[in-house]
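According to Swiss-Prot, the protein has these features:
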- A230, Q231, T232, G233, S234, G235, K236, T237: ATP binding site (BINDING)
- 1-13: compositional bias 'Polar residues' (COMPBIAS)
- 14-24: compositional bias 'Low complexity' (COMPBIAS)
- 48-106: compositional bias 'Low complexity' (COMPBIAS)
- 107-121: compositional bias 'Gly residues' (COMPBIAS)
- 133-142: compositional bias 'Basic and acidic residues' (COMPBIAS)
- 586-595: compositional bias 'Gly residues' (COMPBIAS)
- 608-620: compositional bias 'Gly residues' (COMPBIAS)
- 621-643: compositional bias 'Low complexity' (COMPBIAS)
- 652-672: compositional bias 'Polar residues' (COMPBIAS)
- 217-406: domain 'Helicase ATP-binding' (DOMAIN)
- 417-577: domain 'Helicase C-terminal' (DOMAIN)
- 1-142: region 'Disordered' (REGION)
- 583-672: region 'Disordered' (REGION)
- 186-214: motif 'Q motif' (MOTIF)
- 350-353: motif 'DEAD box' (MOTIF)
Amino acid sequence: MSDISKQMNNLSVNDGANTVNNNNSFRGGRSQYVPPHLRNRQGGGNQSGSSSESSDVPFGGSQRGGFNSNGFNNNRGGFNNGGYNNNRGGFNNGGFNNRGNYNQSFGGRGGRGGFNNGGGRYQRPTPGVGKWQDGKHEPAPRNEKLEVELFGTADDSHFQSSGINFDNYDDIPVEASGDKVPEPITSFTAPPLDELLVENIQLSRFTKPTPVQKYSVPIVAAGRDLMACAQTGSGKTGGFLFPVLSESYMKGPAPVPESNGAFSSHKVYPTILVMAPTRELVSQIYEESKKFSYRSWVRACVVYGGADIGQQMRNMDRGCDLLVATPGRLKDLLDRGKVSLANIRYLVLDEADRMLDMGFEPQIRYIVEECDMPAVKDRQTLMFSATFPRDIQMLARDFLKDYVFLSVGRVGSTSENITQKILYVEDDEKKSVILDLLSANENGLTIVFTETKRMADNLADYLYDQGFPATAIHGDRSQYEREKALAAFKNGAAPILVATAVAARGLDIPNVSHVINYDLPSDIDDYVHRIGRTGRAGNVGIATAFFNRNNKNVVKGLIELLSEANQEVPDFLTKIAREGAFGKMTRGGGRGGSSRGPSRDFRRSGNSGWGNSGNSGWGNSGNASSSGWGGNSSSSYSNTNSNYGGGYNNNQRSNFSSGGSYGNQTGSNSWW
């Protein structure tokens with residue numbers, strides 16, 4: 001054979017027939033052309049008579065070095081570690097919030113670049129996504145694979161439901177005030193809940209409602225607004241997700257307004273809006289909403305700062321009926337014309353007091369009052385938090401109508417499921433003491449709280465050097481780094497998490513058995529929320545705090561909390577509290593211990609201490625310019641203490657917290 005014949009044979013389009021196996025699923029029959037520059041490459045189209053990759057790779061999946069229907073080597077920097085997967089166009093449901101993830105395979109509409117290969121007219125049914133058709137809710141068929149990913153298995157410790165003390169919640173006092181408060185439910189049944197939601201609750205292995213859930217379900221079903229104060233870890237997330245999803249399943253989506261403008265077809269019209277202060281909290285709420293919206297017509301989305309806004313917008317294009325957002329990122333999307341709030345039926349503010357403390361009041365007021373959101377009378381508003389100080393309640397009147405005030409347990413207090421230990425430890429002895437604590441408690445997960453980001457990094461490095469696998473999260477770490485750290489913590493690869501206040505509020509991480517306040521916060525409310533990371537959902541936990549005279553500003557609040565939770569009060573705390581000089585400092589540092597969340601509805605408080613407001617206007621939903629604060633209530637929050645309202649507008653991040661808990665969160669845009 002001549003040389004030219006040999007070369008032509010090498011270039012034969014039939015070379016490797018019946019052996020090419022790429023993402024186009026070619027397995028035999030007609031030969032497929034393989035470009036010369038890809039021939040004889042490892043992972044390429046021709047493997048000398050053998051297939052290039054396993055035929056089990058799902059459609060759109062990544063093959064390192066191979067080529068698929070979307071082009072050569074579609075792994076766009078794909079990283080797979082502990083469940084995080086950045087494979088764009090993949091079908092891996094194990095990731096956090098990426099393209100090719102759950103938004104595509106579960107919550108998607110078959111949008112651009114997704115499962116339907118380019119957003120064509122034909123849309124293959126998406127697993128786990130139901131529809132609303134002809135005025136009727138049609139749930140999707142069950143999907144065993146999705147159910148394992150969403151709900152885990154009965155013996156999976158990462159899917160914690162209730163603990164050994166869950167029945168004790170029946171003994172917690174509940175106060176519900178307002179006109180004609182609906183009777184609470186006693187179990188998850190249909191009715192009053194939608195049948196599909198009850199099935200999803202059962203898949204989550206929740207056997208009975210917590211006190212806040214017992215009341216929130218009938219309150220929302222009756223069309224009432226709700227302000228709920230409940231112990232941390234008492235099921236507040238389910239307290240708003242259960243009722244709003246149940247009502248949405250029964251009522252269906254609102255009709256989308258007629259398109260106005262060239263880009264209106266790309267605008268999303270969510271029915272439910274949930275706002276929370278941090279990206280960790282909104283991500284957690286989003287993960288829970290995926291469980292309880294499984295098989296329904298409701299598709300959940302999450303948006304927050306510090307992540308690619310373009311990718312978040314593309315995720316929204318696939319369907320956005322329930323939007324979980326931080327105020328800053330939501331305002332950005334509203335300004336871009338990507339989101340319309342015209343169809344909002346349910347507005348939820350979670351950790352409302354913290355959002356205001358962090359300076360989010362201007363954004364929240366803009367979103368609620370200046371955009372196209374329905375008026376107070378045309379929507380239902382729910383506010384949830386573990387604390388509602390008096391000034392926060394007064395501000396909340398602008399967003400609520402004829403609401404029920406729900407106080408569950410000791411509002412602003414801690415759970416008796418948490419054993420609290422206060423140790424007197426000088427600063428230079430803390431590292432030695434924490435090693436002793438960690439050595440004695442090797443089971444479960446431990447969260448260690450510090451006041452500064454530098455200390456968080458230093459302590460995590462120190463513990464790692466001492467043989468304790470530790471990782472850290474704080475405001476200076478990127479979103480990817482924080483997700484990776486949280487994943488390592490949850491799966492036990494790094495069972496010690498060193499964190500600043502960024503992780504103190506709202507995160508529900510199963511199996512946290514020990515919380516250590518390496519640095520005590522200057523605000524007693526922050527202490528409450530930190531230790532609330534353990535003892536959740538009726539489980540028991542231990543909270544240890546290192547105290548010395550640098551923490552004297554919270555001594556009074558600590559004694560109150562320990563006494564209320566039937567915990568031992570150390571003698572050194574009592575001694576320091578009796579020293580008269582320290583009593584004044586409690587009022588100066590943070591909110592101290594004297595202004596923790598109220599347990600009573602202040603609509604009952606009459607004229608005591610409220611200037612000229614009395615009861616007039618407090619029960620109403622009038623605007624903030626009423627005379628409730630001597631004619632200046634609209635500026636009371638921003639001007640009475642410039643450490644709160646004024647901080648954000650001047651971009652002085654260090655002014656967010658009078659006590660300094662958030663003062664060290666420089667550049668905190670990364671976690672809005």
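Backbone N, Cα and C atoms are what each Cβ position is placed from, and that goes for glycine too.
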- Helix, strand and coil residue totals from DSSP for the compositional bias 'Basic and acidic residues' (133-142) stand at 0 helix, 4 strand, 6 coil
- Item | Assigned element (helix, strand, coil) containing K236 (ATP binding site), judged by DSSP | helix
- Item | Three-class DSSP secondary structure - A230 (ATP binding site) | coil
- On the DSSP side of things, how many residues of the motif 'DEAD box' (350-353) fall into helix, strand and coil, could you say? 2 helix, 1 strand, 1 coil
- Relative to the Cβ position of G235 (ATP binding site), how many further Cβ atoms are located within 10 Å? 25
- K236 (ATP binding site), number of other Cβ atoms within 10 Å: 26
- Message: Averaged over the domain 'Helicase ATP-binding' (217-406), what pLDDT does the predicted model reach?
- Response: 90
- Packing count at A230 (ATP binding site) (other Cβ atoms within 10 Å of its Cβ): 25
- Please list, for the motif 'Q motif' (186-214), how many residues fall into helix, strand and coil according to DSSP. 13 helix, 0 strand, 16 coil
